[in-house]
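Annotated in TrEMBL:
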{"type": "COMPBIAS", "residues": "1-19", "note": "compositional bias 'Basic and acidic residues'"}
{"type": "REGION", "residues": "1-23", "note": "region 'Disordered'"}
{"type": "TRANSMEM", "residues": "195-214", "note": "transmembrane segment"}
{"type": "TRANSMEM", "residues": "220-240", "note": "transmembrane segment"}
{"type": "TRANSMEM", "residues": "339-363", "note": "transmembrane segment"}
{"type": "TRANSMEM", "residues": "383-401", "note": "transmembrane segment"}
{"type": "TRANSMEM", "residues": "421-442", "note": "transmembrane segment"}
{"type": "TRANSMEM", "residues": "477-496", "note": "transmembrane segment"}
{"type": "TRANSMEM", "residues": "508-533", "note": "transmembrane segment"}
{"type": "TRANSMEM", "residues": "553-576", "note": "transmembrane segment"}
Amino acid sequence: MDDRMNKRDKEEMEKEEKATVATDDEPEINYRGWKAMPFIIGNETFEKLGAIGTLANLLIYLTTVFNLKSITAATMINVFNGTTNFGTLVGAFLCDTYFGRYKTLGFATAASFLGLQAIQLTAAIPELHPHRCAAKESGECEGPTAGQLAFLLMGLGLMIVGAGGVRPCNLAFGVDQFNPKTEAGKRGIDSFFNWYFFTFTFAQMVSLTLIVYIQSNVSWAIGLGIPATLMFIACVVYFVGSKMYVKVKATGSPMTSVAQVIVVAIKKRKLKPVEQPWLSLFKYIPPKSINSKLPYTDQFRFLDKAAIVTPQDEIKDDGSPADPWRLCSLQQVEEVKCLFRVLPIWASQIMYCVTLVQLHTYAVFQAVQSDRRLGNSNFKIPAASYVVFMMLSLTIFIPVYDRAIVPFLRKIRGKEGGITILQRIGIGMFVSIFTMLVSGMVEQHRRSIALTKPTLGVVPRKGAISSMSASILIPQFILGGLTEAFASIGLIEFYYKQFPENMKSIGGSLFYCGLAGSNYFSSLLIFIIHRTTNRTATGNWLEEDLNKGRLDYYYYIIAGLGILNLGYFLLCASWYKYKGNSDNTPELELHVNGEKQQSDKP
């Protein structure tokens, strides 16, 4: 019966999506809905397979093919990921202000292909990488020349440009294909979110298993050529469907309004606060505004002065201010307050995501110096493939959480989501602390076995392989998947729902900016630990040979910082007011099209 209902719903959705939407001043919009999805979802799948297929094993590539030291490679990866994630903010700004999502995605996908192709050439052409290091335990190997490193960095730079345009735009571009004013369109958007995260997980699973195996055991040239080919297919699929897409034009940067509020508030900083600001402040909403009406809130009250009307302020006949750099509306002020309220929560994401960074860097090095044999066979699981257990944990837990835990909590607490978004994020941060504690204990066990029991050989330029089974690393990756299921997905939902509607691209990029901050902070932490412990009696904690270092102490320090960060997050969460919520704000009169209307009470 459910299948018949789903089929009927889908047919109904396709019929409704044929409907067109038009305004007096704008041409008709022909929403194709699911008819455009084969091209968009196909493009996203191939694009993710291409990008992740290269980045998943890049750490091993830098240490084995380019002969970089582990600490240098880890720092390089952190800086690359940080720059990539910060680039999404620039991409979102250019997309919203100048180019629109269609052009931005097209250019970014092409740039990603060129970047992947350049990296593949560093493996395929012997002159573009150093001579392979001989299998020996110690000793210096020939590093890359300036030209070889420059060519590699050029490829990575093109990938940064590509990711900066793809990450903040591809999800929003898919949503653009559905009519948000119809029930069918709303259901299509919800379903698209599910497909989006499914393709992301699918791409990670394939990349961390099949592609990583080919790179590590068959050929780097072939293994890196596959992602480049997949990215080329993504470009072709994307442009083939171009005639079917809804191409939303750039409407100008929403940050202009933010700047106006801040500038005007500074100009009027000497004015006295008004009584009953929800009644006295200037109110106006542009007729074509897509943002929902926001009630007055009593936080960041210094911004209220931007909406105080003075005798020098002029107002047009339609109710708008004559000079938006001298007078702002209450709606504008509240939208800026939404942004300001989110920033302290965003700051806590930086420390939280440091845990995820370690699971993609030093946890892989743990696997390198562990017994990765599958059972009694000689087949070795690639070290980077252990990250797939994070994906499995995430993939398995999400439906359990959505279908079992949320309904159970909904009955107990009476909330739609079972728990609030901030409570979900807080749970994830707590699990991240536990993840680092478990990682430290596992590393202590791995190192102890390596030093006290027979080893299984030597990893070139690293050290002895511990006889501890690498499967013991799986619990820390499973915990990493759980922390993402709670905190990472919660943060994405939080930014999406708490930002004004015209700042969705900026909100989407904020999560990646948090990841960028984590990458840079992790690099700083590695530098500090390396410089500080290198002069102590115990020696460098982050030695090239993990058996000589104390990686477990490094994990415990991150756990301690995580505890402090959780305390900070709880303080911010207790102070936070969700968008649209106000305790006792009376009804607001709002000027729309020159007429007065009243908003609903929150």
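All positions are counted from 1 along the displayed chain.
Every residue, even glycine, has its Cβ placed from backbone N, Cα and C.
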Spell out yes or no: are there three or more C-beta pairs under 8 angstroms between the transmembrane segment (195-214) and the transmembrane segment (553-576), with each pair 6 or more apart in sequence?
no
Go through 339-363, 383-401, 477-496, 508-533, 553-576 and flag the stretch with the largest number of C-beta pairs under 8 Å relative to the transmembrane segment (421-442).
477-496
Under an 8 Å Cβ to Cβ limit, what residues of the same chain, 6 or more beyond the ends of the transmembrane segment (508-533), are close to it?
71, 74-75, 78-79, 81-86, 88-89, 91-92, 167-168, 171-172, 342, 346, 349-354, 356-358, 361, 488, 491-492, 495-496, 499, 539-542, 550, 554, 557-558
Cβ under 8 Å, sequence separation of at least 6 from the ends of the transmembrane segment (339-363): give me the contacting residues as numbers and ranges.
59, 74, 77-78, 81, 258, 299-300, 303, 386-387, 390, 422, 425, 428-429, 432-433, 435-436, 439, 473, 476-477, 480, 483-484, 487-488, 491, 494-495, 498-500, 503, 507, 510-511, 513-515, 517-519, 521-522, 525, 551, 554-555, 558, 561-562, 564-565, 568-569, 572-573, 575-577
